[in-house]
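Q: Copied straight from Swiss-Prot:
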SIGNAL    1-20  signal peptide
REGION    29-102  region 'Disordered'
MOD_RES   Pro30  4-hydroxyproline
MOD_RES   Pro33  4-hydroxyproline
MOD_RES   Pro36  4-hydroxyproline
MOD_RES   Pro42  4-hydroxyproline
COMPBIAS  42-51  compositional bias 'Basic and acidic residues'
MOD_RES   Pro54  4-hydroxyproline
MOD_RES   Pro57  4-hydroxyproline
MOD_RES   Pro63  4-hydroxyproline
MOD_RES   Pro70  4-hydroxyproline
COMPBIAS  84-93  compositional bias 'Basic and acidic residues'
DOMAIN    133-249  domain 'C-type lectin'
DISULFID  Cys155-Cys247  disulfide bond
CARBOHYD  Asn208  N-linked glycosylation site
BINDING   Glu216, Arg218, Asn235, Asp236  Ca(2+) binding site
DISULFID  Cys225-Cys239  disulfide bond
Amino acid sequence: MLRWPLALTFLLLAVSGLECDVKEVCLASPGIPGTPGSHGLPGRDGRDGIKGDPGPPGPMGPPGGMAGPPGQDGMIGAPGLPGERGEKGEPGERGPPGLPAHLDEELQSALHEIRHQILQSMGVLSFQEFMLAVGEKVFSTNGQSVAFWMSLESCVPEQVGRIAAPRSPEENEAIASIVKKHNTYAYLGLVEGPTAGDFFYLDGTPVNYTNWYPGEPRGRGKEKCVEMYTDGQWNDRNCQQYRLAICEF
């Protein structure tokens, strides 16, 4: 009778132990907390953290020692306001005597140029019925028709003008516009040389620009002067005909 209850007791204990192992939870109640342990040894230093943001600027430090070298020159500033007019200075020393007017070449040259311009203006004004400027030249006419030699004389008062002689297409077009306006022919400042067909300006230089009518010149030395048609083309002609006088200045 005593052996059965003892065997039953062992069986219950075995079953109770099996239940505790499977659930890993003991059914016993928690015990009373123990006393805190003593402080352990200090741990090792941790790894460096990420770089933080820059801090605010610190206060200005005291002045340094010796001054540094001067810096480079800056840019030129804007001009300032005009200053007040200064007082009149003392007269300078008297200069050396100048040359008499008739011996001063520069003065004589200037006076000659002024005289030339005055006479040239007078010549242009005497032909002021029609004037046309091309480059540095002025072409003018008084509308009168005369023989070549009379035209030559009327264009050269005091040697400031001459009979118009085109030396470029632009000048030829300008003279042609005057001829067309008056609806007549005009003499040009050209003459035939000793050799038939060779023409020269009145200063003796060979002609470097021409605008002959087709087939001209064909006077074969008998027509020494040159006339311009209303279309601007040229023809050789004897010098006794009456043609429009056009001058250039």
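Heads up, residue numbers simply count up from 1 along the chain you see.
The backbone N, Cα and C atoms fix where each Cβ goes, and this holds for glycine too.
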Q: Could you round the CA separation between Cys239 (disulfide bond) and Pro42 (4-hydroxyproline) to a whole angstrom and send it over?
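A: The Cα atom of Cys239 (disulfide bond) is 134 Å away from the Cα atom of Pro42 (4-hydroxyproline).
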Q: Tally the residues of the domain 'C-type lectin' (133-249) by DSSP class, grouping H, G and I as helix, E and B as strand, and everything else as coil.
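A: Summed over the domain 'C-type lectin' (133-249), the classes give 24 helix, 40 strand, 53 coil.
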Q: Provide the number of Cβ atoms within 10 Å of the Cβ of Pro70 (4-hydroxyproline), excluding the reference atom itself.
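A: Around the Cβ of Pro70 (4-hydroxyproline), 6 other Cβ atoms lie within 10 Å.
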Q: Expressed to the nearest Å, what is the distance separating Arg218 (Ca(2+) binding site) and Pro57 (4-hydroxyproline) at their Cα atoms?
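A: Here the two Cα atoms lie 102 Å apart.
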Q: Here the disulfide-bonded residues are Cys155, Cys225, Cys239, Cys247; which one has the lowest number of other Cβ atoms no more than 10 Å from its Cβ?
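A: Across Cys155, Cys225, Cys239, Cys247, these disulfide-bonded residues, the one with fewest Cβ atoms within 10 Å is Cys239.
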Q: Counting by DSSP, what is the helix, strand and coil composition of the region 'Disordered' (29-102)?
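A: Taking each residue of the region 'Disordered' (29-102) in turn, the totals are 2 helix, 0 strand, 72 coil.
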Q: Rounded to the nearest Å, what's the C-alpha distance separating Pro33 (4-hydroxyproline) and Pro57 (4-hydroxyproline)? Just drop the number here, would you?
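A: It is 54 Å, counting Cα to Cα.
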Q: For Pro42 (4-hydroxyproline) and Pro36 (4-hydroxyproline), determine the Cα separation and express it in whole Å.
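A: With distance taken Cα to Cα, Pro36 (4-hydroxyproline) is 18 Å from Pro42 (4-hydroxyproline).
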Q: Can you tell me how far the Cα of Pro57 (4-hydroxyproline) sits from the Cα of Asn235 (Ca(2+) binding site), in Å?
A: 97
Q: Neighbourhood of the Ca(2+) site (Glu216, Arg218, Asn235, Asp236): other residues with Cβ within 8 Å of the Cβ centroid, in order?
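A: Checked against the 8 Å cutoff, the neighbours are Trp212, Tyr213, Gly215, Pro217, Gly219, Glu223, Trp234, Arg237.
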